[in-house]
Amino acid sequence: MTSTGKDGGAQHAQYVGPYRLEKTLGKGQTGLVKLGVHCVTCQKVAIKIVNREKLSESVLMKVEREIAILKLIEHPHVLKLHDVYENKKYLYLVLEHVSGGELFDYLVKKGRLTPKEARKFFRQIISALDFCHSHSICHRDLKPENLLLDEKNNIRIADFGMASLQVGDSLLETSCGSPHYACPEVIRGEKYDGRKADVWSCGVILFALLVGALPFDDDNLRQLLEKVKRGVFHMPHFIPPDCQSLLRGMIEVDAARRLTLEHIQKHIWYIGGKNEPEPEQPIPRKVQIRSLPSLEDIDPDVLDSMHSLGCFRDRNKLLQDLLSEEENQEKMIYFLLLDRKERYPSQEDEDLPPRNEIDPPRKRVDSPMLNRHGKRRPERKSMEVLSVTDGGSPVPARRAIEMAQHGQRSRSISGASSGLSTSPLSSPRVTPHPSPRGSPLPTPKGTPVHTPKESPAGTPNPTPPSSPSVGGVPWRARLNSIKNSFLGSPRFHRRKLQVPTPEEMSNLTPESSPELAKKSWFGNFISLEKEEQIFVVIKDKPLSSIKADIVHAFLSIPSLSHSVISQTSFRAEYKATGGPAVFQKPVKFQVDITYTEGGEAQKENGIYSVTFTLLSGPSRRFKRVVETIQAQLLSTHDPPAAQHLSDTTNCMEMMTGRLSKCGSPLSNFFDVIKQLFSDEKNGQAAQAPSTPAKRSAHGPLGDSAAAGPGPGGDAEYPTGKDTAKMGPPTARREQP
């Protein structure tokens, strides 16, 4: 698999299945996007490469959620997912390739669009969004950077990394999206309807198409968030009156009064234009929802995809709903995914180029279990199969193969191969440790344990020596434990350290030498931390002001994400960036607001106690984060600069005038604001950042705020670029 370059030297060509990797198309938070060319048909695709080793489990779960959501959506204006490949280190998403670039760059080049062209783009966006909402999917990160154009200048909605399934009348909690396009309820940290949040974002996009500027803009992040919450913006006179009423209905602070997609599609400006073609609509598909008699009739691949969506985390409840006789949301989503699987079966590639790689990417293929009618399909001669545990829980195909290979390697070392088959299908069933089914990287708590089963004669099958047995010889168990700490599990060569159970600890160290257990090197990494709390007392402030200050403090700290638990409780997570991975353990803590003193009449301005409780993570880093939040809570005037909380000094880039275009939109806002606050504190005049080369200062979308790696965890902001100053100052005047 080599090709000769001009200098006569051999250059290795990289392949993902039948696709040859070529130039890099872009770079995001989760990895690179490269151009792929099919070795036979020359079809071009975009291959998103996700490095599993460099991303946290929560981010990888979001990648799996994006895969499941893209399987649910088939629309001409939504980017298509073709296939998924994977090996031990990388995950490869084979996506539709569109050559027109981003709508953002199109706006930078052309300036504000004519109402006719803006209506064409807007109709396509609304058509695709309406299809997503009809399948209970909310995008939550709509902006021109995530809207791509094909060769005919038609819209493709991309980047569903922040998308969520909103079932029924439930509300969402995660604060995500870009500040210029986020609705007020998201900015305030309240629970919100994802569908209404998408409508607000579409209103901001339509304004940008028609004006070439954003309705809410400010160099100061705090001022920007305040403008969004007020919802007051300047409406240029050149916007048609009908369109002005549509914009005011979409960019409405009160979510209850905000227009719905149904009202938008009936609006006179949306319908207008007699000679304009209607947006292309997908062929409606009627999926029959039928009853599922038993667990054996449930397709394991579809079950995996549903669990990856994130809203069906309770596996037992999901199975109960699927087996119910009544029609419900779970069954509708199940049969939609099953219908997609039957129409686009994922099978092994037939013609692959010759490869000499040690661990080539393998295609995710359908398990040979059930078809849509509950009957077993004939098995393919493929190693990519699905193993099922005793409890009925499916194990991913790659995991099952490597478990079997690990068992073979162990037997070849010990010579105990008489009672075990070498086939991954006929080997003893494997009981994996519980892990989120939606995660592509389930973290094992140890080497997989092959559960011995009684043979018909009554003699148990031998247990592979690689599996530490509680009843085994202590020194052998200790030796195996040391060996596994170097080798890792069959799938992962670097395991996360887990707190061992007392039973495991007793096997790690012989009983005759308790001193070794006390001085074990595990103690340097595993600490059973006691609950640590920090209290902050606040006087003469109403509860609403305290909550707003806490949310603003969260938003002003890079790499900190939060979610709302109740009216007076938040949960936050801070992830340090840079430095060795061993020092990047996230800090998780809870914030509770309690009323401590004063009568009911004084409750509005009484004494409140804000309690910060450390849930997990380093205590010192927790205290530094709380100190930063505390300084902002107790400040009555200008907020202090957000401190640099990382343990390394190379994480923060000061204003250089060359702000990167990729990464999270908020993180570089934070970097700039930190410098601005610092300058103000020292009595200096704060200077705005320089204009990036790509955003011409003379164009209607001249300046832009940079994007960097976004905060992680549940309240993570997505990868992408953000717009800061879209348009000349005259177009950004705010109404008094």
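Each residue, glycine too, has its Cβ placed from N, Cα and C.
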Record-annotated phosphoserine (source Swiss-Prot) among candidates Ser346, Ser412, Ser469: Ser412
Candidate sharing the ATP site with Leu25, Gly26, Lys27, Gly28, Gln29, Thr30, Gly31, Leu32, Val33 (per Swiss-Prot), from Lys44, Lys48: Lys48
Residue from Thr114, Thr451, Thr509 to which Swiss-Prot assigns phosphothreonine: Thr509
For Thr174 (phosphothreonine): DSSP state (helix, strand, coil): coil
Recorded ATP site residues Leu25, Gly26, Lys27, Gly28, Gln29, Thr30, Gly31, Leu32, Val33, Lys48, farthest C-alpha pair in Å: 14
Protein Cβ atoms within 10 Å of Gly31 (ATP binding site), excluding its own: 21
Among Gln29, Thr174, Thr260, Ser294, the one of these recorded positions whose Cβ has the fewest neighbouring Cβ atoms within 10 Å: Ser294
Spatially closest candidate among Lys27, Gln29, Val33, Thr174, Ser294, the listed recorded positions, to Thr260 (phosphothreonine) (Cα to Cα): Thr174
Distance [Cα-Cα, Å, rounded] between Lys27 (ATP binding site) and Asp141 (active site, proton acceptor): 17
Nearest-integer angstrom distance between the alpha carbons (Cα) of Gln29 (ATP binding site) and Thr174 (phosphothreonine): 18
Local Cβ density at Lys27 (ATP binding site) - other Cβ atoms counted within 10 Å: 16
Shortest C-alpha distance to Gly31 (ATP binding site) - which of the recorded positions Asp141, Thr174, Ser294: Asp141
